[in-house]
Amino acid sequence: GRDFICIQSMDGMLMLFEQESYAFGRFLPGFLLPGPLTYSARTDSFITVSSCRQVESYKYQVLAFATDADERQETEQQKLSSGKRLVVDWVLNIGEQALDICVVSFNQAVSSVFVLGERNFFCLKDNGQIRFMKKLDYSPSCFMPYCSVKEGTINTLVGNHSKMLNVYQDVTLKWATQLPHIPVSVKVANLQDLKGVIVTLSDSGHLQCSYLGTDPSLFQAPRVESREINYEEFDAEMKELQKIIKEATKTQDILPKSEKHRDLIVTAEVSPDLDAESKAIDSEVKAEAVPSVTVKVTIQTRVTAQKPNLAVCVQAPLAVTCDQFVFDDLEPDSSETVVLSVFLKGNFCPSELEGICVVSYDTPTGIPKVAQCNFRLPLRLICVPAQASKAANHKLTIDTNKSPISFLTIFPDFVDPSEDDQANVLGFQFLTGSKTTLLASKTSQRYRIQSDQLEDLWLITKELTLRLEEHFKKQNCKDFACTFSGSIPLQEYFELIDRHFELRLNGEKFQELLSERAVQFRAIERRLLTRFKDKTPAPLQHLDTLLEGTFREVIALADAAEENQANMFQAFTKLKSATHLVIMLISLWQKLSTDQVAVLEATFLPLAEDTQELGWEETVDAAISYLLRTCLSKSSKEQALTSSSQLCMPKDTSRLKKNITLFCDRLAKGGRLSLSTDSATQQAAVMPGGCTTIPESDLEERTVIPGSTATLPSHGQMAKQKSKP
């Protein structure tokens, strides 16, 4: 009727208490580290696993009559006086450390000692003999033997570090189930009316009660009344269903349709004013002050969003103060807000003033999803108001169908209201140093943009058209339109292409030279190593000087290649700006639809990044060649031509420039852009009179023209050509 307690200390001492009174203490022999300990009531023994990786059993009676543990060192007097040495009852070597020991005794099964090792679990008899053992192919974390319904067997629950719970009947695996956590302890309990509840505890303290199997379905299908089958009705219904299926397969999209109510919405709000104190970090711009603008990103979710990750991207040379945000799981109807700043980092102008926010997250069912939004950055981020310049190398004229609007109205952030002369003339100076001038005609419905660099015209032209569209949209004017009737500046555009291609060729040369110098460096190293290993020392014959010189050449070539890479990136950004400008001018000149502009952008801007392996020139050349063979072909012979399936860097840009000129020429003659398969057959109907064959000699003559522009016929000239017999 009393409680006995046995406590094992870290130094290998067993302390036994009767109720609250200390009875005695004994040191286990050969002790190093404590192992699992249990008590067998059937044999009145303590069973443990020692550091020798063996199971040891000590009788309580032997412990009680053994030498007292007050002192670890035995004296001669203690050896001769009362007391006996602590002797083990039985020992079994299992060859591995044990995680847990459990003694079980059920009515239908004999008393057994279960030991869970690192790779096996053992079932032992009371005398230490093995009843059975099971080799595990996983790393166990806990176990629990319990009563089996089959006589003479014992069931065992074994948890592992793969979040699995396995049920064994003796050594046979009967069931395996997935847990949401790694169990460190498992028990079987009866809770009120629930019998056989599995209780698990995780290392973070989560307690879970669960059961095996599934919820029973109490639904019973009603009996079907027998009736006569009307085959005519079934046949009519089958035809109707087949018709619906046929229509659905025709109009089915590859991508799923957008949901009306999205589970997660991300919005980006750009501050209307620049930051009072700039947040620019490590900017390479040489201007006195580099401004920054604040962007506030808000994530709103209607469902549980697991592991949400926000990425904010802007095109180089623009940069953000922080581009990655990781949040905790978002609850339903909750929101998160982050604030960041955007600034100009590189010392050249970007090709786009737009950014994108992308949120990736998992639904509770494990489905990965993505939500995104775009935001537009202010023009003041990269340029400031400046004095207008009259002289310029490049000029563009944009025609509209409305009277010119004062710059005080559409550019209030750049115009000083006190200066009346800025109503029709406005100057922009980029932070990189270049200038652009914008002029509005007082008599005609035209705007002129001029600059010394072709690529600098793009952002100002785009900003002008966007602000004009927004202005007339506020005025509820729906018929506003911009047009372009001048010459496409192809010659200046070709100069930018040649500059970019020249840097790509330089990159290949640097790569070849670096490879040669590296081979030379390794060869000198091998010779020096051979000389140093030789038992009879020999003169180096200036190999060390040659090694040092080669090393300096490798470093110099690497620096030059790195500088060329940076210059190529700048050239590619300028080329993208000029390409955007050419696409806009072609779309305004030919009044292209949104779909046709999308085809144009996919043709001229196929790459977000330019590399030595896959460059802009060969990619664009392949895309334009495809359009010239399909929707812009002039005969069936061209459609039958095939091109090389492998893209490689060309020797020069002459073929690309010819194809671009031919592309614009066929658009001028009525060609229309389309990617549909039947566009080639419809081209004759779309283009009155068809495309006449252009001799190669004539094409070469028209490629380079005085005035640095490509001569392309206007609509009036086309009408005159058609009226001629």
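Glycine residues also receive a Cβ, built from the backbone N, Cα and C atoms like all the rest.
Since we're looking at a predicted model, the values are computed, not measured.
Of the candidate ranges 224-251, 392-419, 448-475, TrEMBL annotates residues 224-251 with the feature coiled coil. Mean pLDDT, taken over the domain 'PTHB1 C-terminal helix bundle' (592-667), works out to 80 on the 0 to 100 scale.
Counting residues of the domain 'PTHB1 hairpin' (487-590) by DSSP class, helix then strand then coil, yields 92 helix, 0 strand, 12 coil. Helix, strand and coil counts from DSSP across the domain 'PTHB1 platform' (378-485) read 29 helix, 31 strand, 48 coil. For the domain 'PTHB1 GAE' (288-375), the DSSP-based tally of helix, strand and coil residues reads 0 helix, 55 strand, 33 coil.
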